[in-house]
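Peer 1: Pasting a structure here, questions to come.
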Amino acid sequence: MPDYLGADQRKTKEDEKDDKPIRALDEGDIALLKTYGQSTYSRQIKQVEDDIQQLLKKINELTGIKESDTGLAPPALWDLAADKQTLQSEQPLQVARCTKIINADSEDPKYIINVKQFAKFVVDLSDQVAPTDIEEGMRVGVDRNKYQIHIPLPPKIDPTVTMMQVEEKPDVTYSDVGGCKEQIEKLREVVETPLLHPERFVNLGIEPPKGVLLFGPPGTGKTLCARAVANRTDACFIRVIGSELVQKYVGEGARMVRELFEMARTKKACLIFFDEIDAIGGARFDDGAGGDNEVQRTMLELINQLDGFDPRGNIKVLMATNRPDTLDPALMRPGRLDRKIEFSLPDLEGRTHIFKIHARSMSVERDIRFELLARLCPNSTGAEIRSVCTEAGMFAIRARRKIATEKDFLEAVNKVIKSYAKFSATPRYMTYN
(Lines of atoms letter the chains of each structure in order from A and count residues from 1; the text may use other names and numbers.)
(Lines give C-alpha, C1' and ligand atoms only; values in the text may rest on other atoms or scores of the structure.)
Protein backbone atom coordinates (compact mmCIF):
# COMPACT_ATOMS: atom_id res chain seq x y z
CA MET A 1 0.00 0.00 0.00
CA PRO A 2 1.57 3.33 -1.03
CA ASP A 3 2.38 5.84 1.66
CA TYR A 4 0.65 9.04 0.52
CA LEU A 5 1.21 10.98 3.76
CA GLY A 6 4.91 10.46 3.94
CA ALA A 7 6.95 8.90 6.64
CA ASP A 8 8.36 12.23 7.75
CA GLN A 9 4.87 13.65 8.51
CA ARG A 10 3.58 10.60 10.34
CA LYS A 11 4.12 10.47 14.07
CA THR A 12 5.50 7.20 15.17
CA LYS A 13 5.81 5.92 18.69
CA GLU A 14 9.50 5.36 19.09
CA ASP A 15 9.84 5.54 22.81
CA GLU A 16 7.37 5.39 25.68
CA LYS A 17 9.28 8.14 27.46
CA ASP A 18 8.27 10.66 24.76
CA ASP A 19 4.58 10.52 25.84
CA LYS A 20 3.79 12.99 28.62
CA PRO A 21 1.43 11.79 31.28
CA ILE A 22 -2.16 13.23 31.14
CA ARG A 23 -3.09 15.04 34.33
CA ALA A 24 -6.72 15.51 35.31
CA LEU A 25 -8.00 19.06 35.94
CA ASP A 26 -8.60 19.96 39.53
CA GLU A 27 -11.33 22.28 40.83
CA GLY A 28 -9.11 25.35 40.62
CA ASP A 29 -8.42 24.79 36.92
CA ILE A 30 -12.12 24.29 36.20
CA ALA A 31 -13.01 27.49 38.04
CA LEU A 32 -10.34 29.35 36.08
CA LEU A 33 -11.67 28.06 32.75
CA LYS A 34 -15.18 29.19 33.67
CA THR A 35 -13.96 32.75 34.11
CA TYR A 36 -12.80 32.94 30.48
CA GLY A 37 -15.11 35.12 28.37
CA GLN A 38 -16.88 36.66 31.36
CA SER A 39 -17.20 40.38 31.99
CA THR A 40 -16.43 42.24 35.19
CA TYR A 41 -20.03 42.21 36.44
CA SER A 42 -21.03 38.71 35.32
CA ARG A 43 -21.08 37.37 38.87
CA GLN A 44 -23.27 40.22 40.15
CA ILE A 45 -25.66 39.85 37.20
CA LYS A 46 -25.93 36.11 37.80
CA GLN A 47 -26.65 36.74 41.48
CA VAL A 48 -29.40 39.24 40.65
CA GLU A 49 -30.98 36.83 38.14
CA ASP A 50 -31.03 34.10 40.77
CA ASP A 51 -32.66 36.47 43.26
CA ILE A 52 -35.32 37.38 40.70
CA GLN A 53 -36.09 33.73 40.06
CA GLN A 54 -36.42 33.08 43.78
CA LEU A 55 -38.76 36.06 44.20
CA LEU A 56 -40.94 34.94 41.28
CA LYS A 57 -41.16 31.47 42.74
CA LYS A 58 -42.12 32.88 46.12
CA ILE A 59 -44.76 35.19 44.58
CA ASN A 60 -46.32 32.31 42.67
CA GLU A 61 -46.48 30.26 45.84
CA LEU A 62 -48.14 33.10 47.76
CA THR A 63 -50.70 33.94 45.08
CA GLY A 64 -51.41 30.33 44.26
CA ILE A 65 -52.48 31.27 40.74
CA LYS A 66 -50.51 30.34 37.67
CA GLU A 67 -51.22 31.20 34.08
CA SER A 68 -53.64 28.70 32.62
CA ASP A 69 -56.18 28.49 29.84
CA THR A 70 -59.07 28.88 32.29
CA GLY A 71 -57.49 31.53 34.52
CA LEU A 72 -58.26 29.47 37.64
CA ALA A 73 -56.05 28.38 40.48
CA PRO A 74 -54.90 24.75 40.62
CA PRO A 75 -57.57 22.40 42.01
CA ALA A 76 -55.35 21.65 45.00
CA LEU A 77 -55.79 25.26 46.17
CA TRP A 78 -59.60 25.33 45.90
CA ASP A 79 -61.58 25.89 49.09
CA LEU A 80 -65.13 25.04 48.11
CA ALA A 81 -66.48 25.09 51.65
CA ALA A 82 -65.26 28.65 52.29
CA ASP A 83 -66.57 29.81 48.90
CA LYS A 84 -70.00 28.34 49.63
CA GLN A 85 -70.09 30.03 53.03
CA THR A 86 -69.13 33.37 51.44
CA LEU A 87 -71.93 33.09 48.90
CA GLN A 88 -74.43 32.39 51.65
CA SER A 89 -73.28 35.32 53.78
CA GLU A 90 -73.08 37.87 50.92
CA GLN A 91 -76.50 38.05 49.35
CA PRO A 92 -77.52 40.59 46.69
CA LEU A 93 -78.85 43.84 48.12
CA GLN A 94 -81.91 45.81 47.10
CA VAL A 95 -81.75 49.52 46.30
CA ALA A 96 -83.93 51.77 48.48
CA ARG A 97 -84.02 55.41 49.55
CA CYS A 98 -83.80 56.66 53.13
CA THR A 99 -86.64 59.16 53.43
CA LYS A 100 -86.42 60.05 57.14
CA ILE A 101 -84.29 59.40 60.23
CA ILE A 102 -86.18 58.98 63.54
CA ASN A 103 -84.37 59.86 66.79
CA ALA A 104 -81.17 60.71 64.99
CA ASP A 105 -79.44 61.98 68.15
CA SER A 106 -80.32 58.94 70.27
CA GLU A 107 -78.35 55.74 70.67
CA ASP A 108 -80.90 53.69 68.73
CA PRO A 109 -82.02 55.66 65.65
CA LYS A 110 -84.54 54.27 63.21
CA TYR A 111 -84.57 54.77 59.46
CA ILE A 112 -87.60 54.97 57.19
CA ILE A 113 -86.76 53.54 53.78
CA ASN A 114 -88.82 53.49 50.62
CA VAL A 115 -88.42 50.52 48.29
CA LYS A 116 -89.57 51.71 44.89
CA GLN A 117 -92.95 50.35 43.79
CA PHE A 118 -93.12 48.06 46.82
CA ALA A 119 -93.51 49.47 50.34
CA LYS A 120 -92.03 51.59 53.14
CA PHE A 121 -90.22 50.10 56.14
CA VAL A 122 -88.74 51.25 59.44
CA VAL A 123 -85.39 49.49 59.75
CA ASP A 124 -82.10 49.49 61.64
CA LEU A 125 -78.50 49.69 60.53
CA SER A 126 -76.30 46.66 60.08
CA ASP A 127 -73.07 46.29 62.01
CA GLN A 128 -70.94 47.35 59.02
CA VAL A 129 -72.46 50.85 58.67
CA ALA A 130 -71.90 53.85 60.97
CA PRO A 131 -74.87 56.15 61.73
CA THR A 132 -72.93 59.15 60.40
CA ASP A 133 -72.75 57.56 56.93
CA ILE A 134 -76.50 57.71 56.35
CA GLU A 135 -78.35 60.94 55.55
CA GLU A 136 -81.92 61.71 54.62
CA GLY A 137 -82.62 61.37 50.91
CA MET A 138 -79.64 59.06 50.32
CA ARG A 139 -79.80 55.87 48.27
CA VAL A 140 -78.93 52.80 50.35
CA GLY A 141 -78.54 49.07 49.85
CA VAL A 142 -80.77 46.86 52.04
CA ASP A 143 -80.98 43.08 52.38
CA ARG A 144 -84.03 41.19 51.22
CA ASN A 145 -84.91 39.58 54.55
CA LYS A 146 -84.82 42.16 57.35
CA TYR A 147 -84.31 45.20 55.06
CA GLN A 148 -81.40 46.38 57.20
CA ILE A 149 -79.21 49.08 55.68
CA HIS A 150 -75.88 47.56 54.66
CA ILE A 151 -74.14 50.17 52.50
CA PRO A 152 -74.70 53.81 51.46
CA LEU A 153 -74.94 54.28 47.70
CA PRO A 154 -73.80 57.23 45.57
CA PRO A 155 -76.43 59.44 43.93
CA LYS A 156 -78.00 58.18 40.76
CA ILE A 157 -76.45 59.91 37.76
CA ASP A 158 -77.24 59.33 34.11
CA PRO A 159 -74.39 57.45 32.33
CA THR A 160 -74.47 60.04 29.54
CA VAL A 161 -73.64 62.70 32.12
CA THR A 162 -70.85 60.60 33.63
CA MET A 163 -69.25 60.14 30.21
CA MET A 164 -68.96 63.92 29.81
CA GLN A 165 -66.09 63.87 32.31
CA VAL A 166 -62.72 64.13 30.57
CA GLU A 167 -60.50 61.32 31.88
CA GLU A 168 -57.44 61.75 29.64
CA LYS A 169 -55.94 65.20 29.58
CA PRO A 170 -55.59 66.81 26.14
CA ASP A 171 -52.09 67.26 24.73
CA VAL A 172 -52.62 70.98 24.08
CA THR A 173 -50.68 73.40 26.29
CA TYR A 174 -50.64 77.19 26.52
CA SER A 175 -47.55 77.26 24.30
CA ASP A 176 -49.60 75.68 21.50
CA VAL A 177 -52.08 78.57 21.48
CA GLY A 178 -50.90 81.56 19.47
CA GLY A 179 -52.26 85.07 19.21
CA CYS A 180 -54.20 84.83 22.51
CA LYS A 181 -51.66 86.00 25.08
CA GLU A 182 -53.93 88.53 26.77
CA GLN A 183 -56.91 86.17 26.73
CA ILE A 184 -54.88 83.36 28.31
CA GLU A 185 -53.76 85.64 31.14
CA LYS A 186 -57.36 86.61 31.90
CA LEU A 187 -58.43 82.98 31.77
CA ARG A 188 -55.67 81.85 34.11
CA GLU A 189 -56.64 84.54 36.63
CA VAL A 190 -60.11 83.04 36.86
CA VAL A 191 -59.26 79.34 36.66
CA GLU A 192 -55.79 78.71 38.07
CA THR A 193 -55.23 81.46 40.64
CA PRO A 194 -58.27 80.59 42.85
CA LEU A 195 -57.22 76.93 42.86
CA LEU A 196 -53.52 77.49 43.49
CA HIS A 197 -53.61 80.64 45.67
CA PRO A 198 -57.03 80.92 47.36
CA GLU A 199 -55.53 82.85 50.28
CA ARG A 200 -55.11 85.94 48.10
CA PHE A 201 -58.87 86.27 47.69
CA VAL A 202 -59.49 85.48 51.38
CA ASN A 203 -57.13 88.25 52.49
CA LEU A 204 -58.94 90.76 50.27
CA GLY A 205 -62.35 89.50 51.35
CA ILE A 206 -63.67 88.87 47.83
CA GLU A 207 -64.95 85.81 46.04
CA PRO A 208 -63.10 84.78 42.86
CA PRO A 209 -65.00 84.89 39.56
CA LYS A 210 -66.76 81.62 38.90
CA GLY A 211 -67.95 82.00 35.33
CA VAL A 212 -66.25 82.99 32.07
CA LEU A 213 -67.75 83.55 28.63
CA LEU A 214 -65.42 83.06 25.66
CA PHE A 215 -66.79 84.71 22.53
CA GLY A 216 -65.41 85.57 19.12
CA PRO A 217 -65.49 84.56 15.45
CA PRO A 218 -65.02 80.89 14.52
CA GLY A 219 -61.43 79.64 14.48
CA THR A 220 -59.95 82.16 16.92
CA GLY A 221 -58.97 79.60 19.59
CA LYS A 222 -61.83 79.48 22.13
CA THR A 223 -62.09 75.69 22.34
CA LEU A 224 -58.30 75.40 22.02
CA CYS A 225 -57.84 77.54 25.15
CA ALA A 226 -60.35 75.37 27.01
CA ARG A 227 -58.34 72.28 26.06
CA ALA A 228 -55.17 73.97 27.33
CA VAL A 229 -56.95 74.74 30.62
CA ALA A 230 -57.95 71.07 30.92
CA ASN A 231 -54.33 70.06 30.39
CA ARG A 232 -53.01 72.53 32.94
CA THR A 233 -55.35 72.09 35.89
CA ASP A 234 -55.59 69.06 38.16
CA ALA A 235 -59.29 69.67 38.83
CA CYS A 236 -62.00 67.50 37.32
CA PHE A 237 -62.82 68.73 33.80
CA ILE A 238 -66.29 68.17 32.31
CA ARG A 239 -66.96 69.04 28.66
CA VAL A 240 -70.52 69.57 27.51
CA ILE A 241 -71.70 70.43 24.00
CA GLY A 242 -74.77 72.64 24.08
CA SER A 243 -76.73 70.47 21.66
CA GLU A 244 -76.33 67.44 23.96
CA LEU A 245 -78.69 69.08 26.45
CA VAL A 246 -81.47 69.42 23.85
CA GLN A 247 -83.54 66.28 24.42
CA LYS A 248 -86.69 64.88 22.88
CA TYR A 249 -88.79 64.46 26.01
CA VAL A 250 -89.97 67.18 28.36
CA GLY A 251 -87.71 67.68 31.36
CA GLU A 252 -84.83 65.49 30.16
CA GLY A 253 -82.48 68.41 29.41
CA ALA A 254 -83.14 70.07 32.78
CA ARG A 255 -82.57 66.75 34.55
CA MET A 256 -79.21 66.32 32.79
CA VAL A 257 -78.15 69.81 33.91
CA ARG A 258 -79.11 69.02 37.53
CA GLU A 259 -77.21 65.73 37.49
CA LEU A 260 -74.24 67.43 35.84
CA PHE A 261 -73.86 69.95 38.67
CA GLU A 262 -74.68 67.27 41.26
CA MET A 263 -71.75 65.21 39.99
CA ALA A 264 -69.54 68.32 39.91
CA ARG A 265 -70.31 69.10 43.58
CA THR A 266 -68.97 65.69 44.60
CA LYS A 267 -65.52 66.67 43.28
CA LYS A 268 -62.98 68.67 45.25
CA ALA A 269 -62.68 71.18 42.41
CA CYS A 270 -64.38 71.04 39.04
CA LEU A 271 -64.41 72.90 35.73
CA ILE A 272 -67.41 72.63 33.40
CA PHE A 273 -66.93 73.75 29.80
CA PHE A 274 -70.09 74.41 27.78
CA ASP A 275 -69.20 74.56 24.09
CA GLU A 276 -71.65 76.25 21.70
CA ILE A 277 -73.77 77.52 24.58
CA ASP A 278 -76.05 79.41 22.17
CA ALA A 279 -77.71 76.03 21.42
CA ILE A 280 -79.57 76.29 24.76
CA GLY A 281 -78.77 79.81 26.00
CA GLY A 282 -80.72 81.85 23.48
CA ALA A 283 -82.90 84.74 24.55
CA ARG A 284 -86.43 83.75 25.58
CA PHE A 285 -89.27 84.54 23.20
CA ASP A 286 -92.72 83.19 22.38
CA ASP A 287 -93.14 82.06 18.79
CA GLY A 288 -96.70 80.90 19.38
CA ALA A 289 -95.94 77.27 18.52
CA GLY A 290 -94.12 76.32 21.72
CA GLY A 291 -91.29 74.59 19.90
CA ASP A 292 -88.54 76.19 21.99
CA ASN A 293 -90.21 75.79 25.38
CA GLU A 294 -88.14 72.74 26.30
CA VAL A 295 -84.87 74.49 25.34
CA GLN A 296 -85.89 77.46 27.49
CA ARG A 297 -86.61 75.15 30.45
CA THR A 298 -83.13 73.69 30.09
CA MET A 299 -81.63 77.19 30.09
CA LEU A 300 -83.67 78.18 33.17
CA GLU A 301 -82.32 75.15 35.02
CA LEU A 302 -78.79 76.12 33.99
CA ILE A 303 -79.38 79.69 35.23
CA ASN A 304 -80.63 78.35 38.55
CA GLN A 305 -77.63 76.04 38.97
CA LEU A 306 -75.17 78.84 38.16
CA ASP A 307 -76.51 81.29 40.76
CA GLY A 308 -79.70 80.10 42.39
CA PHE A 309 -80.87 79.25 45.89
CA ASP A 310 -78.28 76.50 46.45
CA PRO A 311 -74.60 77.50 46.49
CA ARG A 312 -72.59 76.49 43.47
CA GLY A 313 -69.54 75.36 45.42
CA ASN A 314 -66.03 75.21 44.00
CA ILE A 315 -67.26 74.86 40.42
CA LYS A 316 -65.84 77.00 37.62
CA VAL A 317 -67.90 77.37 34.46
CA LEU A 318 -66.50 78.17 31.01
CA MET A 319 -68.82 78.89 28.09
CA ALA A 320 -67.91 79.43 24.44
CA THR A 321 -70.05 80.87 21.67
CA ASN A 322 -69.82 82.59 18.31
CA ARG A 323 -73.01 84.60 18.82
CA PRO A 324 -73.01 86.42 22.18
CA ASP A 325 -75.75 88.74 20.93
CA THR A 326 -78.28 85.86 20.95
CA LEU A 327 -77.69 84.84 24.60
CA ASP A 328 -80.27 85.57 27.27
CA PRO A 329 -79.48 88.60 29.49
CA ALA A 330 -80.21 86.56 32.63
CA LEU A 331 -77.42 84.17 31.66
CA MET A 332 -74.95 86.98 30.96
CA ARG A 333 -75.31 88.89 34.22
CA PRO A 334 -72.44 89.05 36.77
CA GLY A 335 -72.67 86.32 39.35
CA ARG A 336 -73.31 83.74 36.68
CA LEU A 337 -70.76 84.82 34.07
CA ASP A 338 -68.46 87.29 35.82
CA ARG A 339 -65.94 87.74 33.04
CA LYS A 340 -66.37 88.02 29.29
CA ILE A 341 -63.25 87.38 27.22
CA GLU A 342 -63.27 88.35 23.56
CA PHE A 343 -61.19 86.31 21.12
CA SER A 344 -60.63 88.72 18.26
CA LEU A 345 -58.61 88.18 15.10
CA PRO A 346 -54.87 87.82 15.81
CA ASP A 347 -52.58 90.73 15.00
CA LEU A 348 -49.35 90.52 12.99
CA GLU A 349 -47.33 89.22 15.94
CA GLY A 350 -50.02 86.67 16.77
CA ARG A 351 -50.25 85.42 13.18
CA THR A 352 -46.46 85.05 13.03
CA HIS A 353 -46.53 83.06 16.27
CA ILE A 354 -49.29 80.80 14.93
CA PHE A 355 -47.26 80.12 11.77
CA LYS A 356 -44.25 79.15 13.90
CA ILE A 357 -46.36 76.87 16.12
CA HIS A 358 -47.71 74.87 13.17
CA ALA A 359 -44.37 74.83 11.34
CA ARG A 360 -42.70 73.49 14.47
CA SER A 361 -44.04 70.00 13.80
CA MET A 362 -43.46 70.16 10.02
CA SER A 363 -40.40 69.41 7.90
CA VAL A 364 -39.66 72.85 6.48
CA GLU A 365 -36.58 74.53 5.13
CA ARG A 366 -34.68 77.05 7.19
CA ASP A 367 -35.02 80.83 7.05
CA ILE A 368 -38.68 80.90 6.06
CA ARG A 369 -40.00 84.45 6.45
CA PHE A 370 -43.01 83.78 8.66
CA GLU A 371 -43.56 87.50 9.23
CA LEU A 372 -43.92 87.97 5.46
CA LEU A 373 -46.45 85.13 5.35
CA ALA A 374 -48.33 86.73 8.25
CA ARG A 375 -48.48 90.06 6.37
CA LEU A 376 -49.98 88.24 3.39
CA CYS A 377 -52.79 86.88 5.60
CA PRO A 378 -54.57 89.97 6.94
CA ASN A 379 -57.75 89.45 8.98
CA SER A 380 -57.14 85.70 9.11
CA THR A 381 -58.05 83.40 11.98
CA GLY A 382 -55.84 80.77 13.53
CA ALA A 383 -57.82 78.01 11.80
CA GLU A 384 -57.15 79.58 8.39
CA ILE A 385 -53.42 79.84 9.13
CA ARG A 386 -53.40 76.18 10.10
CA SER A 387 -55.08 75.38 6.78
CA VAL A 388 -52.32 77.35 5.01
CA CYS A 389 -49.65 75.18 6.66
CA THR A 390 -51.53 72.01 5.73
CA GLU A 391 -51.87 73.10 2.10
CA ALA A 392 -48.15 73.95 2.00
CA GLY A 393 -47.43 70.38 3.03
CA MET A 394 -49.78 69.12 0.31
CA PHE A 395 -47.87 71.14 -2.31
CA ALA A 396 -44.61 69.54 -1.11
CA ILE A 397 -46.14 66.05 -1.29
CA ARG A 398 -47.43 66.75 -4.79
CA ALA A 399 -43.90 67.76 -5.87
CA ARG A 400 -42.46 64.60 -4.21
CA ARG A 401 -40.29 66.58 -1.81
CA LYS A 402 -39.56 65.75 1.83
CA ILE A 403 -39.58 69.33 3.08
CA ALA A 404 -41.87 72.29 2.49
CA THR A 405 -40.33 75.44 1.04
CA GLU A 406 -41.31 79.09 1.28
CA LYS A 407 -42.74 78.87 -2.23
CA ASP A 408 -45.15 76.18 -1.02
CA PHE A 409 -46.36 78.49 1.74
CA LEU A 410 -46.84 81.36 -0.72
CA GLU A 411 -48.89 79.16 -3.04
CA ALA A 412 -50.90 77.93 -0.06
CA VAL A 413 -51.64 81.53 0.95
CA ASN A 414 -52.95 82.26 -2.56
CA LYS A 415 -55.11 79.15 -2.45
CA VAL A 416 -56.53 79.38 1.08
CA ILE A 417 -56.66 83.11 1.80
CA LYS A 418 -57.33 84.48 -1.67
CA SER A 419 -59.35 81.72 -3.37
CA TYR A 420 -61.40 80.68 -0.33
CA ALA A 421 -62.28 84.24 0.69
CA LYS A 422 -65.84 83.83 -0.60
CA PHE A 423 -66.40 81.00 1.90
CA SER A 424 -65.14 82.97 4.91
CA ALA A 425 -67.80 83.99 7.42
CA THR A 426 -65.43 85.99 9.62
CA PRO A 427 -66.64 89.46 8.51
CA ARG A 428 -70.25 88.50 9.20
CA TYR A 429 -69.42 87.09 12.64
CA MET A 430 -67.41 90.20 13.48
CA THR A 431 -70.68 92.15 13.40
CA TYR A 432 -72.19 89.78 15.98
CA ASN A 433 -69.37 90.12 18.51
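Placement of Cβ uses the backbone N, Cα and C atoms for every residue, glycine included.
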Peer 1: Where Swiss-Prot marks N6-acetyllysine, which residue is it, choosing among K100, K116, K267?
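Peer 2: That would be K116, per the N6-acetyllysine annotation in Swiss-Prot.
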Peer 1: Considering the residues K34, K210, K316, K422, which is the one that Swiss-Prot annotates as N6-acetyllysine?
Peer 2: K422
Peer 1: Among the binding-site residues T220, T223, point out the residue whose Cβ has the most other Cβ atoms within 10 Å, with all shown protein chains included in the count.
Peer 2: T220
Peer 1: In the same chain, which residues outside the set G216, P217, P218, G219, T220, G221, K222, T223 have their CB within 8 A of the centroid of the CB atoms that define the ATP site?
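Peer 2: For the ATP site, the extra neighbours are L224, N322, F343, T381, G382, A383.
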Peer 1: Please identify, from the recorded positions K116, K222, the residue with the sparsest Cβ neighbourhood, meaning fewest other Cβ atoms within 10 angstroms.
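Peer 2: It is K116 that, of the recorded positions K116, K222, has the fewest other Cβ atoms within 10 Å.
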Peer 1: Can you grab the distance from G221 (ATP binding site) over to K116 (N6-acetyllysine)? Cα atoms, rounded to a whole Å.
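Peer 2: Cα to Cα, G221 (ATP binding site) and K116 (N6-acetyllysine) are separated by 49 Å.
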Peer 1: About how far apart, in whole Å, are the alpha carbons (Cα) of G216 (ATP binding site) and K116 (N6-acetyllysine)?
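Peer 2: G216 (ATP binding site) to K116 (N6-acetyllysine), Cα-Cα distance: 49 Å.
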